[in-house]
Amino acid sequence: MTIIHNLGFPRIGAQRELKRAVEAYWAGRQTAEALHETGRALRAAHWQRQADAGVAFVPVGDFAWYDHILEWTTLLGAVPARFGHPEGKPVDLDTLFRMGRGRAPSGKPAAACEMTKWFDTNYHYIVPELTPGQTFRVAREDLFEQVKEAQALGHRVKPVIPGPLTWLWLGKGDAFAQGAGDIGKLQLLDALLPVYGEVLERLAGLGVEWVQIDEPALVLDLPQAWRDAYQAVYAKLAASPVKLLLATYFDGLKDNLATALALPVAGLHVDLVRAPDQLSDVASGLRPGQVLSAGVINGRNIWRTDLDAALAMLVPVREQLQERLWLAPSCSLLHVPVDLAGETELDAELLGWLSFAVQKLDELCLLGKALGGDADPAVQQGLAAQRAALQARRQSPRIHNPAVAQRMAGQAGVSRERAPFGQRIARQQSELRLPAFPTTTIGSFPQTAEIRALRRDWKSGALTDSAYENAIRKEIEEVIRFQEKVGLDVLVHGEPERNDMVEYFGELLAGFAFTKNGWVQSYGSRCVKPPIIFGDVARPAPMTVGWSAYAQSLTDKPVKGMLTGPVTILQWSFVRDDQPREATCRQLALALRDEVVDLEAAGIRVIQIDEPAIREGLPLRRADWRAYLDWAVDCFRLSTAGVGEATQIHTHMCYSEFNDIIESIAAMDADVITIETSRSNMELLKAFEDFHYPNDIGPGVYDIHSPNVPEVDWMVELMRKAAARLPKERLWVNPDCGLKTRAWPETEAALIGMVQAARTLRAA
């Protein structure tokens, strides 16, 4: 029998129960005990569903109230001093929430810990804060309590914990840089490893046989000092009485293969979706008795698996390893929606092409039975059904659009060039007449329950088109008047018609489909519902021109047209896997180019094309960066270069480290770039300073992910730090990101303060 297991299951719940419970607790609408009861119910349901699918060991430790890395950080007692946590006391839930979002029902508000992208995914983790001489201890009991929970329900368990070197790689501090470049972080291992040892001992004491220890850092470029550290660390952890399954994912081991194979662990998990070519080398390098966990079901996309291809790849290895070959998804299923059963509005054809977390476990079970030679006719029937679904998708006329193919054939001859920046900015300033330190926002304004109800009623047919349009126009006018009252210089229409910055555009583009309940966690309680790009992309009609033109008609101040860029739409969607991602991105760029040209023709003088996801698309290995950056930058320029020099092009990026891609950001040639910098205390600007970034820049002066209202003096100080690095005449003043998730009172207070900060700077 082939053992199948799972690296992690979506924690949010099929109906986003966790999001609702957590937000109700934050708002004081339910107690901590009620929140914990929701957590217990979700965990029990998730464990049972996995057990029903044939998972041999249910994962424990994949559940998190906010973020799984933050869970582990608090278990280690690594709480920054500003949160006022008493030394030696257990870390409570409200401290965890304050670290993640800056405030909680109890405890004083404090600056939240930094948040950034989880490798090359659209999930965000809370960055561990590291200090020289830091001490660690077991400071939370949740992991052990959840193990006992699962065991009491009759499950065999496999606790999942971040590996010590990956946790250090993810962390940073005033004295330590993020990543593997700072070997000084390795000095913390002496204090860290005894706590790992204690955790493993305690798990063994609970009867745990296997522990999954996640080390995705092993798929990255690592200095030799880090490779050496892996050997030393796991030599110490090998003394534990539990068996360690070391899990790598998101890419192949490549030049770290020898390091991984030399580690004294009982099993090794590898990603065979991203890196199938490594299978033979990994299998032949295993020690006698060592388990190979083959990640063959894609944990990051939603298409059905080609089980025939998987079997062809695995059969020779099965013959070699026998029962030592385990099967699993490529990575945690955190990155896909929970269950297709909730999709009652997708057509049957498209539904037959898809696989969410629950279905992926069923695929895994079927694959395991087929690989083990199960003679049950249902196995062959299941394989035949899978085969038929894949064939139907390949042959569907919905996939290919001849007009798109014709345009793609000629896209190489479409201009990507605009006039030089100096010439453009002079023309723009003569027309826009903006003051020094011009103020703006990133695009969205608070989405109230009333706005969400408007969209919901309109989509359900309860509201007529004309009634909906009138209501949205009213919302836009209120946002315009509010911005005028506050004193902002470049306005936005507030995006009341948009539920999501990607889904909105996908609904208006050909080649997209949308789920009813296909939610995945982005950060904390924030969930997103990625569109599905299943076929060729085209723009049947203008998407934003009507709303933007109406907003501009209400004011003499410039109103930004707001678009999501081609790379971000690509990155934040579930993308077809039957052609290169680059080709799909160029199709998106051509569609957006048409929209940009139409906005200019409608009198919109400032157009923002957001690309917050451009960095997350980077391959994990630096050797692969150039090819990606070349086509990503080219797609942005393809989408923006159809307008004249008087039209000002903005772009926005968030959660980004810019140092290593600053040349490519400059090559995008946006007139103004706005970035998230407040949580990093403006340290991101060093890249722009060192590079002598030539265009305008708006460093975010307050963190919109926290409900805390910033002090005016604090924002002034941040901008003075920015002005010390960059010419002040090229600086804009803006929040870190859009204001969609914030409430109106804090938004008004923050923007009034931000405008006051800009006026203080002008008067200096």
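Placement of Cβ uses the backbone N, Cα and C atoms for every residue, glycine included.
Taken from Swiss-Prot as is:
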ACT_SITE  HIS705  active site, proton donor
BINDING   ARG16, GLU17, LEU18, LYS19, LYS117, ARG526, CYS527, TRP572, GLU616  5-methyltetrahydropteroyltri-L-glutamate binding site
BINDING   ILE442, GLY443, SER444, GLU495, ASP610  L-methionine binding site
BINDING   ILE442, GLY443, SER444, GLU495, ASP610  L-homocysteine binding site
BINDING   HIS652, CYS654, GLU676, CYS737  Zn(2+) binding site
Record-listed L-homocysteine binders ILE442, GLY443, SER444, GLU495, ASP610 have a maximum CA to CA distance, in Å, of 14
Spacing of the two Cα atoms, LYS117 (5-methyltetrahydropteroyltri-L-glutamate binding site) and ASP610 (L-methionine binding site), in whole angstrom, works out to 17
Using a 10 Å radius on the Cβ of LYS117 (5-methyltetrahydropteroyltri-L-glutamate binding site), the other Cβ atoms enclosed count 21
Same chain, |i - j| six or more, Cβ under 8 Å of ILE442 (L-methionine binding site); the result in sequence order is VAL492, GLN608, ASP610, HIS652, THR674, ASN734, PRO735, ASP736, CYS737, GLY738, LEU739
Check the binding-site residues LEU18, CYS527, CYS654, CYS737 for other C-beta atoms within 10 angstroms of each C-beta and report the one with the most.
CYS737
With the 5-methyltetrahydropteroyltri-L-glutamate site defined by the record as ARG16, GLU17, LEU18, LYS19, LYS117, ARG526, CYS527, TRP572, GLU616, how many Å span the farthest pair of C-alpha atoms?
28
To the nearest whole angstrom, what is the C-alpha distance linking CYS527 (5-methyltetrahydropteroyltri-L-glutamate binding site) and GLU495 (L-methionine binding site)?
18
Around GLY443 (L-methionine binding site), how many other CB atoms lie within 10 A of its CB?
25
Among ARG16, HIS652, HIS705, which are recorded positions, the residue with the most C-beta atoms within 10 angstroms of its C-beta:
HIS652
If one measures from the C-alpha of CYS654 (Zn(2+) binding site) to the C-alpha of GLU616 (5-methyltetrahydropteroyltri-L-glutamate binding site), what distance in angstrom results, rounded to a whole number?
10
Just give me the nearest neighbour of GLU495 (L-methionine binding site) among the recorded positions ARG16, GLU616, HIS705, Cα to Cα.
HIS705
Students should find that the Cα atoms of GLY443 (L-methionine binding site) and GLU616 (5-methyltetrahydropteroyltri-L-glutamate binding site) sit apart, in Å rounded to an integer, by 21
